[in-house]
């Protein structure tokens, strides 16, 4: 059967309208290849058309572009409406990969549209006829670079090619823009109204003026002091100057950038203090009272003292009968009555505060061994008042609305309170300012001994007064500062207010369960749309919609009856086109330049002819193409080898192949280097905002552009390998691998079809390159998530000034512990935080931020922590348990006084280095005698006792206890200083009595610690206890001879100042006024921070004794940490030594700084892809003959046709050609013929002429292959 014919007609190419098509009646071979439909070409049937140029596909492209525009506009509308899009996951891959992946698929579809428009355009031009070679048979748009093809299309006025190339470029730009379309940012959402539960309320009815509320609760004054002087945090419901009602709400898990704001009632204590001139009236000089009743006189008529105008006497000493200090500051607080009250129904509570500076002079006949407080008879004496300062304070209150703000960026939430403007009430349900004053002074009375008992401090320079001690603590540290009237006023107002706050919080706050409304404001991370990317994608999508419409209406149609992009189709065309075959027969093998020279003078067109049998044949009609003289005499094989005129486009030049291989390899290594830089420096660079256009360019566009370059080079390699794949099959030197049919072209097929066909044809090079190209198309998707902006917590080294160091000297430890017992009461009984630069058992040096300004971001949600190594001091106990035979314990009931007592008498041996026992100080043992008053007839007992060695006055002093704290000196080094007696005593059943006595030595160790502080307040968070290096412990010296035992005296501080507010099983006092069987120290052990089972006190088992000792040592260490902190610090004198004056630490989370970071997961995926691309591309190059395989460009019609110009299979006058090309060209696929590409020797056209050599495709019978 003759080859199909095709009538020459006007092409539908370009902007011209298609003419009516004449349909063919012959069955088309190779009509179905994955890109088009197999059809019968005859009346009513259309010509072959690739599926990618079908109306449905192009219409879908238009619809997809329009839909993209609509989606982008909708997203922008939603983003503006809701201030961003909801971020359902923190995994940035979900919103970076999506848009890019969709557009990558669109690019793949448009690549096919672009390819077939370029492929069919030369055929469309050829159909029009009278076309030059450059615009028809030599025209190649597919293998050229896009910029070259674009230039050709402009020159040739091929609009559809210009359109597809423009669309391809636009799609690439859109894809790049899509990598930066979304970015996360912190935005503030609209406030929402929420309902909260008010869990507490201020209730004035809870106050009962007859019960003296607060009179027996020292925790009020203790807590107020710790808040003011020791940095204790305010408890919930209290703030710096007020008490507010607390609320409750649904918990928000973890730190969140949210705030809840509500309005509640608050009580603001107000104490208005003013100058109150006073004078002191001294008693007569010959008064023999130990404390003369010196009185005050108010020098302002509006107010009077109570008690008949005499008021309370000023505390003073009698220098005639008592050894006095040269100076004593005597404070006094008392209530006064003022006549200028506004209403008798609303009394006012005025308090007058005075501080008298007494000066004493006295002479004695005998001053030997005279100590302060001793009773003497002075020979001369005098008392004077150097200065007296007085102020008067009025108690009041104000009820106002306050705004509570809960900031959930911290855990627990930070509460801020702001007083709202508006009228205020001066009463709370009948509770007035007068009542507030009573409540405040009651709390001061309850804490009267918090700074030492009055008896033991009668001769102290600063006579103890709880109010004045607190005032001094916040004003400079001493009473001396309070002699200044203005200082006293400010201090009094502050202390009164703080005590009032704690008193109100303790007594006037009740439970509540009412609802209040609040406002919930949340700032959350939401997805925003980058304007640059948005408008690029919108404009690009609009352009694509227009371009797709242009391609839809002006695409090449009905240009050939079958897929022209196959070797078989060209072979059939050459067979039918004798003129075309003759024109190519003498082109030679000088390459494309020679081909162009030979054909440039000819014109070409498609023509249909009808043979004698009535069959129509489609052929290429050539105007003229005569061979030059002597062309038939050239040995083309020698000329080819000499000149090497093989087809070798730019993209397969060896240097270009090297670049194609090196680029993914270099990128792989570069990614690893960048990852290590990112990890090591916590990102690359700090940025100000994640939405900046330049930031998007750096993090999205530039990496995507780089990966696009890698993918483009790989695609170029893949195109050439795929184009040459069928020629490699034909060129194969092995007969077993030679084709039994002419293989179809793989170019223009979708990737899955290319892979399948490659496997079928065993074109492994094409398989590898196609997989590499497929992986390359994913690079742009993955790289869109490679670089992100993360708010990273950065660390930095900081230098701090060390303000002090420790000595081991504690002056007057028996009477002054600098409020260590007060602080320990709060930390042990109420569980409050430890003061600054102390923690648990450790005392740390005081640090201060240096002068260097560190770039710290205070708005960081992450807690900023400073880690630093510091030396710390920790006390220790070594105790000896006395044997039972060394103790005598008796428990009995005294019927005369109706009280049960237990008496312990023990004798303990002293070490050889301390032979100072007894009152004479010459015994090797020490006597411990102590009596316990039992609760009922039996109870647990426990007592901390100071020990004394001699010599001492046996009448006024003892070896156990503190009878004369002012006169009895500390023990010498090497001696025990403390004893602990504890157990259980039963007056009814002596067999149940069990007492343990420990004689103890005190030590101080210095240790290296790793401490974590919060920044910048330098507090130690409760969840980050300091880490102690026990191996670094160094025991400090206490004496000149290297002794290590210290003689601190703790008993009075435990008895008078330490308090267990929360204990419930042991009253602090007995009904008869005697000391309780369990002293405050043991109450702290049993009911304090680390409670101990009371039953363990009665056990003599070694494990139980060890457990009790552990509890004793723990409480002792915690108290001593406060004592060391308050009494053993000395300033760093010299700052020349960096070891003592400066310390360096690491500040974690110093900045919550947005930084560009490289994502490790995306990096690993990219490295895997790049590694595979490198290997597959290298295999493709190795498995494919890319050079010296074709003399002409196989992407143009003439380039393939020239390979058949001298082929016997295309010569119907040859028996081989007839067998293959006749009978419906069954010889192409019947398996009888083998096709190959190579050099052929054929007879010359003239008899006796030279034998000619040509390079091309021909066939031989399978029997001849052997």
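Each Cβ is built from the backbone N, Cα and C atoms, and glycine gets one as well.
Any TrEMBL annotation is an automated prediction that lacks curation.
Look at TrEMBL and you will find 51-75 (among others) tagged as transmembrane segment.
Nonlocal intrachain contacts for the transmembrane segment (159-183), taken as residues 6+ away from its ends with a CB within less than 8 angstroms of a stretch CB, comprise 13-15, 85, 95-96, 99-100, 102-104, 106-107, 110-111, 113-114, 117-118, 121, 141, 146, 149-150, 152-153, 527-530, 532-534, 536-537, 540-541, 543-544, 547-548, 550-551, 554-556, 690-691, 696-697, 699-701, 703-705, 708, 780, 783-784, 789. If you look up TrEMBL, you'll see 159-183 (among others) marked as transmembrane segment.
The list of residues near the transmembrane segment (532-554) in space but at least 6 beyond its ends in sequence, with Cβ under 8 angstroms from a Cβ of it, reads 12-15, 53, 55, 58-59, 61-62, 65-66, 68-69, 72-73, 76, 113, 117, 159-160, 163-164, 166-167, 170-171, 173-174, 177-181, 693, 696, 700. The transmembrane segment annotation in TrEMBL covers 532-554 (among others).
Outside the transmembrane segment (655-674) by six or more residues, the chain places 684, 706-707, 709-710, 713-714, 716-717, 1158, 1163, 1166-1167, 1170-1171, 1173-1174, 1177-1178, 1181, 1186 with a CB less than 8 A from a CB of the stretch. TrEMBL lists 655-674 (among others) with the feature transmembrane segment.
Residues annotated as transmembrane segment in TrEMBL: 705-727 (among others).
Taking Cβ pairs closer than 8 Å, the transmembrane segment (764-789) reaches residues 92-93, 96-97, 100-101, 104, 107-108, 175-176, 178-180, 183, 687, 690, 695, 698-700, 703-704, 706-708, 710-711, 714-715, 717-718, 721-722, 725, 728, 746, 751, 754-755, 758, 1154-1159, 1162-1163, 1165-1166, 1169-1170, 1172-1173, 1176-1177, 1179-1184 in its own chain, all 6 or more past its ends. Positions annotated as transmembrane segment by TrEMBL: 764-789 (among others).
According to TrEMBL, the feature transmembrane segment maps to 1164-1183 (among others). Packing against the transmembrane segment (1164-1183) from elsewhere in the chain are residues 657, 660-661, 664-665, 667-668, 671-672, 707, 710, 714, 717-718, 721, 764-766, 768-769, 771-772, 775-776, 778-779, 782-783, 786: each is 6 or more residues past its ends and has a CB under 8 Å from a CB in it.
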